[in-house]
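Visitor: Annotated ATP binding site per Swiss-Prot: 15, 16, 17, 18, 19, 20, 21, 22, 88, 89, 90, 91, in sequence order. The feature active site, proton acceptor is assigned by Swiss-Prot to 89. Positions annotated as Zn(2+) binding site by Swiss-Prot: 145, 148, 183, 186.
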């Protein structure tokens with residue numbers, strides 16, 4: 001009897017802010033390096049919260065990465081020796097990330113992507129729903145609600161301590177907003193048409 005090793009697949013780690021997505025991505029990448037696998041890690045160039053050269057979790061763990069402006073740049077950094085490809089903050093890439101990641105998985109790479117599944121409005125965020133549908137495995141993480149301590153699946157955007165309006169832009173770069181994890185019942189979006 002032969003044991004066949006599966007070659008090439010897509011794993012998605014998703015959830016709200018503060019749920020441990022980047023931390024889980026870093027953990028999986030570090031495990032691959034312990035197994036002597038060649039890894040390459042990427043994030044969108046617009047993510048410069050902690051470092052432009054590393055994926056950094058909110059608890060301070062980090063791993064070196066390449067900051068890229070477009071998904072196609074991944075192909076410039078990988079080779080036949082690459083085993084595992086990690087991509088953080090996947091929701092900030094345009095729709096070409098879906099084809100790029102599925103192509104990489106089809107070519108035999110283990111692809112691990114992490115990102116927010118819902119935006120601050122509580123609506124599906126960018127390409128993440130498509131990646132959820134196409135991934136072989138989906139890990140949905142939850143944070144802890146900052147109001148009541150229940151499991152939190154939403155990200156609350158606060159501007160000057162108040163919930164952001166539904167009409168605010170989904171992506172703010174360099175703004176002075178703050179975020180909290182919230183459960184369904186304590187997530188507030190003034191002006192939400194629902």
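Placement of Cβ uses the backbone N, Cα and C atoms for every residue, glycine included.
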Visitor: Within 10 Å of residue 21 (ATP binding site) (Cα to Cα), which of the binding-site residues 145, 148, 183, 186 do you find?
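Guide: So the list is empty; none.
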Visitor: State the count of C-beta atoms found within 10 angstroms of the C-beta of residue 17 (ATP binding site), not counting that atom itself.
Guide: 19
Visitor: Which entry in the list of binding-site residues, 90, 145, 148, 183, has its Cβ near the fewest other Cβ atoms, using 10 Å as the limit?
Guide: 148
Visitor: Measure from the Cβ of residue 19 (ATP binding site) and count the other Cβ atoms within 10 Å, all protein chains considered.
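Guide: A 10 Å sphere around the Cβ of residue 19 (ATP binding site) contains 24 other Cβ atoms.
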Visitor: If I take the alpha carbons of residue 90 (ATP binding site) and residue 183 (Zn(2+) binding site), what is the distance between them in whole Å?
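Guide: Rounded to a whole number, the Cα-Cα distance is 23 Å.
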Visitor: Expressed to the nearest Å, what is the distance separating residue 148 (Zn(2+) binding site) and residue 17 (ATP binding site) at their Cα atoms?
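Guide: Just about 16 Å between their Cα atoms.
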Visitor: Can you name every residue in this chain, apart from 145, 148, 183, 186, with its Cβ inside 8 Å of the center of the Cβ atoms of the recorded Zn(2+) site?
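Guide: My list of surrounding residues reads 146, 147, 149, 150, 152, 182, 184, 185, 187.
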